Amino acid sequence: MAFFDHHHFWTLTFGILGNIVSFFIFLALVPTFYIIYRNKSTKEFQSIPYLVALFSSMLWLYYAFLKGHSFLLITINSFGCVIEIVYITIYIAYAPRATRNSKIKLFVLMKKGLFSLLILITRFIPNDDTRTTVFGWICTTISLTTFAAPLNIMARVVRTNSVEFMSFSLSFFLTLSAIMWFGYGFFQKDWCIMIPNIVGFVLGLSQMVLYGYYRNREVIIIMDEEPVTVEIPPPIDAGEARADEQQPQPLQLPEGAVEVGVSGDDPGSDQPS
């Protein structure tokens, strides 16, 4: 009984700390969406990370209901669903028409299509424990795919020698969150929670190491624009010299020809110069 109380204490502790850290991570995007609201434009911001984050929170929320006795998983993922829906709504409101329509379709596809399909498939599994385990591994797989964004940022840092697009504080809190949720999964003996947070810890630590290594390095500017084609005029013939580069040479007139000069100061003059 004493062991159970000790076990429950650490599960509760790591779960509460994980909720606190994850809460601030979700709110870290508020400045980004304030910029979108202020400029009334999404500019170069992408919506895919927010759609994937919402989808992941929905999956973990359903997994927590299947698993039972997971109140701390329910609280943080419920908040995650709400805040991500707010972010996506703001993004869609200020996105260009074509982008808005495509994101709405993707949102409906992920929420009404894929999420409902996964729930429907797992409902055919008769055993409750097996159903929970299968859905837990689905959540783990989806969570692992969300690490593509950190890998992309790390690759950009190495390419450009610049940490402009990497936030040290965000990397630190993501690493801290991974530690807390790993501890929560460890004391619950839940590998579906532990595995993605092991990967998250490694990636978060790697980002902080990269930040420390590249923060004072010389920046390499990579131009993403397409090359511009410039038409080069043909070379000037040897007999044609520009007035600002070469003084006019005296002309050899044919016999019987009359030389007529035009003055630049008096366009109407037809007197020889």
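Any Cβ shown, glycine's included, is placed from N, Cα and C.
So that you can see what the record holds, here are the features copied from TrEMBL:
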TRANSMEM  12-36  transmembrane segment
TRANSMEM  48-65  transmembrane segment
TRANSMEM  71-94  transmembrane segment
TRANSMEM  106-126  transmembrane segment
TRANSMEM  132-153  transmembrane segment
TRANSMEM  165-187  transmembrane segment
TRANSMEM  193-214  transmembrane segment
REGION    233-273  region 'Disordered'
Outside the transmembrane segment (12-36), six or more residues from its ends: residues with CB under 8 Å to it: 42-43, 45, 50, 72-73, 75-76, 79-80, 83-84, 87, 90-91, 94, 167, 170, 173-174, 176-177, 180-181, 183-184, 186-187
Region pair the transmembrane segment (193-214) / the transmembrane segment (132-153), three or more CB pairs under 8 Å: yes
Close approaches to the transmembrane segment (165-187) from elsewhere in its chain (Cβ under 8 angstroms; 6 or more beyond its ends): 7, 10-11, 13-15, 17-18, 21-22, 24-25, 28, 72, 150, 153-154, 156-157, 193-194, 197-198, 200-201, 203-205, 207-208, 210-211
